[in-house]
Every structure is written in C-alpha cells, then in structure tokens.
Amino acid sequence: MNPIALDETPVSCEFYQKSHRPAFIYYQLAPNGSKIEVQAQADANGLCYFPEASCELSNFSCCSLSESMHTAAEFGTMINVQSCLVCLVLPMVCLVCIARLRRRQEAQQALEDEETDEDQEEEESEEMNQAMRGLECETSAGEAETGEEAEPCWRNGLRVLLRVLLVIGFAAELMMLTFTARITQKLLDVPMRNSMMAGEAFLMPVREIFQFLEDVVTVKIMAAVRAGSLAAVRPILSLGVLGGALCGVVAALCITAILSWPAALRWLLAPYAMHEDSLACPLVPKGDDAAATAKMYLLLSAWCWPANFVSMGLRGLFLGLNEWSTLGLSILVPNAIQIVLLFMIFIPDPSLDALGLIAIVGAYGSLLILLVILLLRRGFREQYNLTLGSSEVKPDEMTASVSWREASREGFYAMLLDVAAQSSITVGIYTGGAMLGIGAMYQIAALQAAFPQYGLQYIIGVTYALRLQGTRLVAAEEYQAFKGLFRGTVIYGLLLALVAAATLIPYRVPIAFLQARQACEYASSLECTKIFTSVFGGGDATGGTLQGSAMWIFVPILIARCFYQLYKAGLYACLDWSFMARTGVSSFLLVFLPAICAAVFYFQTVLSIFLAMYLPLLVMAITFMCRTRRNIKRMLSDRSGPWRKEL
C-alpha cells in the first residue's frame, strides 16, 4: 500500500551525525493497513527520534531509506559493479587481441622466411597458410612431422564452450555470493541479521579454514600430473576426500554439541546482551530469543560441512586435471538451484531457517553432481586409477610417489594459515559486541557484508588463474613465464582494487546507510537512541560512525584483503606451505594481539577494533609479496626451494 505522508514541519535536531537532512522515513501502521509517515521529535541531546513509529510490531517495516538516499546508493552500487566488470573484462580482451596480432605477425614472418627456402617451399607454404587462417583450425608442427591428422574444428570449438561453461559457473557462484549478502542485509530484520552475523562469526572461520582442502588438492595434483606422476593422483584425492569427510563430520558434531549447551549458545549469538545499551532497549532481542531464532540455521549450516569439504577435494581434482566442463557444471547447477530457492522460499518469507535449508540443499546437491559425473566417466577414472578396488598403476606411470605424512603436514600448514587469518576476524567481532554493544556489532556486520558486494568478489577469478596457471608453470620449470604471470596478476589485482575503491568513495555515505538500513528502527524509541547513534552518530554522540570513519577505513582494508588473496595464491603455486603457516601464526601473535589489546584498553572504538581485525591480513599480504618475489629470483638463478620438493 502507498504510504500516506503528513505535512512536513521543520525540526531543530540532527537526524544523524552533523546532518539535518533525513536519511530514513518512519511510518506508523494505520487501522486500514496503510503506512502513515510520522515526523521527528528532538530528544534532550538534540537527536531526532520518532516515537510514533510502529517499530515494535514484528512484521511491520516501520522505516525505510529516503528516496534521495536510496537513489544515490543504488547509483553508486551500479557504478561500482560496472566499473569493476569493465576493469575485469577489458584487459582480457586486450590481451586476446594482442596475442592474435602476434600470431598473425609470426605467421607473416614465417611466410616471408619460407620464400627463401626453395626445397621446402610447397610443404612450408601450406603450413603457413594454415597459420594465417590461425583462429580457425591449426595443425601443430609436431603433428605435421609425425603424419597425424589435423584436429577437427569442432574440438577447438568444444574447448571454447567448456571454458565458457566454467566462466558461467564461476559467475553464478559470484552472483550467489553477492546476491545472498545483499538480500539478507535488505530483508532480514535487525534481530535476525545480528543473530546471523554472530553465528557466522564462529561458523565462517571453520568454513574458510577448510578451503585448504580444495587448494592443496588442486596444487598437488597439477604438480603431479605436470611431473608425469599419474600414480600420485589417487592418494592425493583420497587424502582430500577422506580428510574432508572426517573433518566435516567432526566439526559438525562439535558445533551440534555447542548448540545443545544453552548458556554457550546465548553468549555466542548475543555477546552484546549484557551491554547497558542493549539492556535498556526493548527492540534488542535477549539471549534466549536470539538462540531460538538462529539455532536451526546454525545446525543446518554446520551439517553442510561434510558435503562441502568432500566437494572441495573433488573440485580440486577436476581443477588440477583441467576438467572444465565437470567443474563448470558442479558450480553452475547448485548455485542456480540456490538462487531459484531464494526467490521461491526466502524472499516471500525471510527467515534464517529458510537460509539454512537453501544452504544444505546446495551443499549436498553439489556433492551429488560431482559424484554422479565421476561415476559416469569410467574412462576418466581408469586413466587416473580412480576405480574402486584397484590401486595398481602401470610401471611407466609410476615416476613419483606420494607421502601421506608429507601431504598431511602441508595440509596442516595451509589450515594453520587460515586459522590464524580467520581467528583475528572472529575475536574482533565478539570483542566489539561484548565491549561496545550491538551498535558496534552492527557496524562490523554491515562492513563485512559489503566486502563481497563492492570489489572482493572480482578478485576470486584472478586468484584462481594465478594458482592454476602458476602451479603449471612452476612444475614445468618455466620460471620466466611464472614471473610474468605473477607480475601481470598483481597489476591486474591492484587495478581492480583501485577501481573498486575509487567508485566506492564518492558514494560512501549513501552506501553506508543502504548497508545498515535495518538499524533505523532504533531511532523510534528513546531507550534505543544510543544504539542508533553508535551506528550513525547524532546528538551528543562521540566516536566513529558507519558513514564516516568506518567507510573511509573500509577502502584500504578492502585492498588489503584483495592483496592477501592474490599473494597467498602466488605462494601456493610455489608450494611454500611452511612459510605461510609461520607468517600466519606470527601475524596473529605479534600483530593482532597487541592491536586488539590497544583497541580494547586504549582506543575503545569500532574503528580501532575493525583495524585490529584486518591488520594481520595486510602484514601477511606484504610478507607474501616479498617472499614470492624472493622465490622467483631463486627460481631464475636455478637455486633450490620448496617448489622442487618431492610430492
């Protein structure tokens, strides 16, 4: 129903920090079910609040972003998305055009050289003519010499289609990541969003920590195949799949036990509950209410892990063996199903239970697709000795062996890095909630939700390219090519991060209000205005605000996160596991702990806690960059290093 607006009356109060221009519109529920816009009143501290708004009703949206603020936020988001996509696609198109131009020039040069050789004129002429038709069907020199038939055109086209399918799959995954973050931030009310964010604070680290299963399996299988050791594929895959299943079940059982402990569950989901601002505000859910709201969502999310971790191992197999079609289908289909379920189940009736159901369907659907494809491809399984009940490999394939102890140790090193990186984020979230209250926790939640919407999602494809192609080049000892690849991806990542930041800064204020728009309801009650001001400021409130200092610091932290992912992928290609683990643990102990102590005991602001959370990632990014450059120099000087270790 269309809202019925009241006549505007001038007010002498602040709607938020240093602003007499409203960012939100507040409504009262009329007897006929329509929305009536209500006007502001000034509290004793000079803040505008709206006591006539019907925010106490659970199924009534009592406030919304003003039209001007919403328009500016959506326009800024559109500019950010389009600029990042152009930055991502345009260099690729330029590189393809340059590569084609080089091939044409090489073909032309070869044709000119051929004219000086009369003895081979006819044979060379035909070969160069095929090269000049280059982009249609090419016959390699090796095939010409051995007399093998030219590869049919349809196979080249099929390769292109398979790679396009993979790109579409990754695009669907990025869309799911971005869309879920945006739609939950928009549709979930403040209590649900806070319960979700608190639960994710201890679920997300576990999920991110075990990402090493896919990464390690991918890198080691690619190195093994490149070294000609097909015998290594089976034990590497077994380690990833069996280890993933075991870790997933144990982790899910541990979370189930924690969720069955009421006191622990209340603290995990409502660390802000004992803060004075939360105790005074009737709109803040208590610990028991938060537990009842999120318990099923957390259980379903935890029991996604066994399927997710096994899928990571299988995806690592297909990534390592360049099985683009299988990988593309395994990514595309589950994400498409989840997007459809979001529209069918979640959007009509937003709830955490619906999100948990969608997550578990996607997790086990993805695993089922991978297993079915693997079972149907008998030739593929026989080629890499993946058939059940068989562990023998032809003698000429046994060029190397895999040490389970060595592989497990390397996996532990990779996990240790992720534990250190994620622990600082988790500790920071709970510290902010317990020390500064729900307003600080909501600021952090809004910033966390903004990362995959305004730039971080686009760096994933670049890191995949560096990890896959980099591992292949290092295993083939093409170190000069790896140097060029690393330098190119770093420049690419820097350009992408700077474009994301440059398009975000001009619209930081409306985007901040867009990200935290559910917190507007706290301005409807005099007892809750302190929570509102802890997010947006206003009145006599002091300290940082979401639209102010927090959004300024968000930009360099976004760049730090992008660089951390990039340089981590570079060290993965170098197989430098132990160094990454040492750096991660050292950053947590020597950087995060002093920083969080300073934030808690001296600064006591949301900004200081947020900086402490991500300062270790910045330090690790710089360290990883220096280490990768050092490794490349050692490669080019033919010195030993972790990249030359046995599998």
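Each Cβ is built from the backbone N, Cα and C atoms, and glycine gets one as well.
Feature annotations, courtesy of TrEMBL:
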COMPBIAS  111-127  compositional bias 'Acidic residues'
REGION    110-132  region 'Disordered'
TRANSMEM  79-99  transmembrane segment
TRANSMEM  160-181  transmembrane segment
TRANSMEM  201-225  transmembrane segment
TRANSMEM  237-261  transmembrane segment
TRANSMEM  296-314  transmembrane segment
TRANSMEM  326-348  transmembrane segment
TRANSMEM  354-376  transmembrane segment
TRANSMEM  489-507  transmembrane segment
TRANSMEM  549-567  transmembrane segment
TRANSMEM  579-603  transmembrane segment
TRANSMEM  609-626  transmembrane segment
>> Quick check for me: are there 3+ Cβ pairs below 8 Å between the transmembrane segment (609-626) and the transmembrane segment (549-567), leaving out pairs under 6 residues apart?
In response: yes
> Is the transmembrane segment (489-507) packed against any residues at least 6 beyond its ends, judged by a Cβ distance under 8 Å, and which are they?
Replying inline: 72-73, 75-77, 79-80, 83-84, 87-88, 91, 454-455, 458-459, 462, 465-466, 554-556, 558-559, 562-563, 566-567, 569-570, 625
>> Please report, as numbers and ranges, the same-chain residues at least 6 past the borders of the transmembrane segment (579-603) whose CB is under 8 Å from any CB of it.
In response: 412-414, 416-421, 423-424, 427-428, 431, 435, 568, 571, 609, 611-613, 615-617, 619-620, 623-624, 627, 642
>> Checking distant contacts: for the transmembrane segment (549-567), what same-chain residues at least six beyond its ends satisfy Cβ-Cβ under 8 A?
In response: 421, 443, 447, 450-451, 454-456, 459-460, 462-463, 466, 489-490, 493-494, 496-498, 500-501, 504-505, 508-509, 511-512, 606-607, 610-611, 614, 617-618, 620-622, 624-625, 628
>> Which sequence-distant residues neighbour the transmembrane segment (296-314)? Criterion: at least 6 residues beyond either end, Cβ under 8 Å.
In response: 196, 199, 203, 206-207, 210-211, 213-214, 217, 237, 240-241, 243-245, 247-249, 251-252, 255-256, 259, 330, 352-353, 355-357, 359-360, 362-364, 366-367, 370-371, 374
